[in-house]
Amino acid sequence: MAAPGPLPAAALSPGAPTPRELMHGVAGVTSRAGRDREAGSVLPAGNRGARKASRRSSSRSMSRDNKFSKKDCLSIRNVVASIQTKEGLNLKLISGDVLYIWADVIVNSVPMNLQLGGGPLSRAFLQKAGPMLQKELDDRRRETEEKVGNIFMTSGCNLDCKAVLHAVAPYWNNGAETSWQIMANIIKKCLTTVEVLSFSSITFPMIGTGSLQFPKAVFAKLILSEVFEYSSSTRPITSPLQEVHFLVYTNDDEGCQAFLDEFTNWSRINPNKARIPMAGDTQGVVGTVSKPCFTAYEMKIGAITFQVATGDIATEQVDVIVNSTARTFNRKSGVSRAILEGAGQAVESECAVLAAQPHRDFIITPGGCLKCKIIIHVPGGKDVRKTVTSVLEECEQRKYTSVSLPAIGTGNAGKNPITVADNIIDAIVDFSSQHSTPSLKTVKVVIFQPELLNIFYDSMKKRDLSASLNFQSTFSMTTCNLPEHWTDMNHQLFCMVQLEPGQSEYNTIKDKFTRTCSSYAIEKIERIQNAFLWQSYQVKKRQMDIKNDHKNNERLLFHGTDADSVPYVNQHGFNRSCAGKNAVSYGKGTYFAVDASYSAKDTYSKPDSNGRKHMYVVRVLTGVFTKGRAGLVTPPPKNPHNPTDLFDSVTNNTRSPKLFVVFFDNQAYPEYLITFTA
């Protein structure tokens, strides 16, 4: 089924090539029989016998030493939105960097000469994959002529994929019909190749939208149309291809919006298959899209896809739903109540009967009215790691492929959410170390309390090889507890609001500034409304309030900067990786001054070409502090015998502080930007 909206006739031409014809334009791909005979196939995954042997070997190896290395935990994947075709093909909009994306197949864009490194996409591929990728691509040049529209297949080398499809994409040429047709055929070839080689997932970056000038909105419309068409008319019912990913870079708002618009257009005529989370909604009801405001996270742990997202577990469509309940299996509150009420009275009655009989640490009932096959009821107060391990083993024994569970024990049982997140992921790692090719493919934690999303994300990052990657997440606006005095953001995640002179808010900030900077002239004061940064800061504040057993952890401080840094700080906050730009005397963190006069120095708030200077008024979580020293990269421990209990910040003088240094990016929120002149 094609996505709504007009497309040039060439893009959906009834005379499009057949799958067999399409395959002739792919260097490195032979027929199924040919692949089985081919001794030197570029992709072992394409040879069924080799693939089975590889699996047996992998299984023996894992069973022999029972080791599970960190490399088996792939990068966290930021899923902005997802939809499913009526034929069951899952489409996901992914935000991130191509270097840290994982899938069976990833598509790359290459020039006519097939030399990697010319554009940002192929340069990124070459950077991570290594020189062998170029060597394999050079070998493929001898098999197929180099012309626009052809694709060349290589292995993934050091990328987190089994294969790369390198496409020679067309120039936009002001929308010439041939450009549409060539790009459409490239997409068809990629989908057909994945189908023929029995891969299960493919990731499409926005190829052609850089120097080749394909408009992003046009590309989004075209590729979704082709994928829908493939799903409805070409893809077999038993197809191994289960997921198609559309990748946009983290800060590419235009590309993200283009896909969200197309997702929404399609979902309006297929509402039962849509899963496009909107502002103020965690159930996927379609509304007007402005920017993504909900996030699910995914990462690969061995053969398991681990997901975490806020939502209602009672609406999950999976094989197994886990109900975290009391030891007596009769709790009817919170998430457990939602599950039992959704399942129906018959399930509740059966649960009571089974609870009265001898049973294991959990009991199993049918799914009832829920969209699952069974419900596993577990006591939330028990050891979470052991409980989750038991659930996963039960799913595997029954050959189920998917399970959704809550953040077990974080409700009435009162367990520490950080410990729970670690325990759940540890259990999945344990399971993956024992099962190299399990039936169970997807484990999802559905979070009722949105504030737990960051906690699970932090736990995932501990196992993420690319933890240094700066993912900007998106959250439901209703979960951010935005300040009441903020201007309506119209579902946007970020905006700047200029304060009017004479307003009480303006006067408060002005007075704080002029207390030590009376000789400077204020040009304007702007309030920074950044929902994501505010959410991250508030989560950190709540953690610190609990840890220190009081709420007196916050100060309003100053930070001077240059004009070039302003856009970055407004959008992303203070990044300690920039530490050392102006000061490192008390540690390699971000520095904030008690008095505005300190930050007003030209060393810190460097004047721009027009003489304007810039200073932030910042909420900073200073908490419990101590004196800093050069070389610190984190605050020192409060007690040398307990190295994990750190001070929250450091200062120049504990009795009379003039400045504070923090070492974690979400420990400061830039609330106001003052533009001034000397």
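A Cβ is built for glycine as well, from the same backbone N, Cα and C atoms used for every other residue.
Fair warning: this is a prediction, and the values are worked out from it, not measured in the lab.
DSSP assigns ASP312 (substrate binding site) to coil in the three-state reduction, outside any helix or strand. The substrate binding site annotation in Swiss-Prot covers ASP312, ILE313, SER324, THR325, ARG331, VAL335, GLY409, THR410, GLY411, ASN412, ALA413, GLN449.
Taken from Swiss-Prot, the feature compositional bias 'Low complexity' applies to 1-19.
According to Swiss-Prot, the compositional bias 'Basic residues' annotation covers 49-58.
The domain 'Macro 1' annotation in Swiss-Prot covers 78-267, and the record cites sequence analysis as its basis. Averaged across the domain 'Macro 1' (78-267), pLDDT in this predicted model comes to 86.
Marked as domain 'Macro 2' by Swiss-Prot: 293-464.
The domain 'PARP catalytic' annotation in Swiss-Prot covers 482-678, and the record cites sequence analysis as its basis.
The region 'Disordered' annotation in Swiss-Prot covers 1-67.
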- Note on the structure: One finds that other Cβ atoms within 10 Å of the Cβ of ARG331 (substrate binding site) number exactly 21
- Task: Return one of helix, strand or coil for ARG331 (substrate binding site), based on DSSP.
- Result: coil
- Query: Counting every protein chain present, what is the number of Cβ atoms, excluding its own, within 10 Å of the Cβ of GLY409 (substrate binding site)?
  - Reply: 24
- Compare all C-alpha positions of ASP312, ILE313, SER324, THR325, ARG331, VAL335, GLY409, THR410, GLY411, ASN412, ALA413, GLN449, the record's substrate binders, and send over the largest distance in angstrom. 19
- Sort out for me which one of SER324, GLY411 has the most neighbouring CB atoms within 10 A, since those are the binding-site residues we care about. SER324
- Note on the structure: One residue among the binding-site residues ASP312, ALA413 has the fewest other C-beta atoms within 10 A of its C-beta, namely ASP312
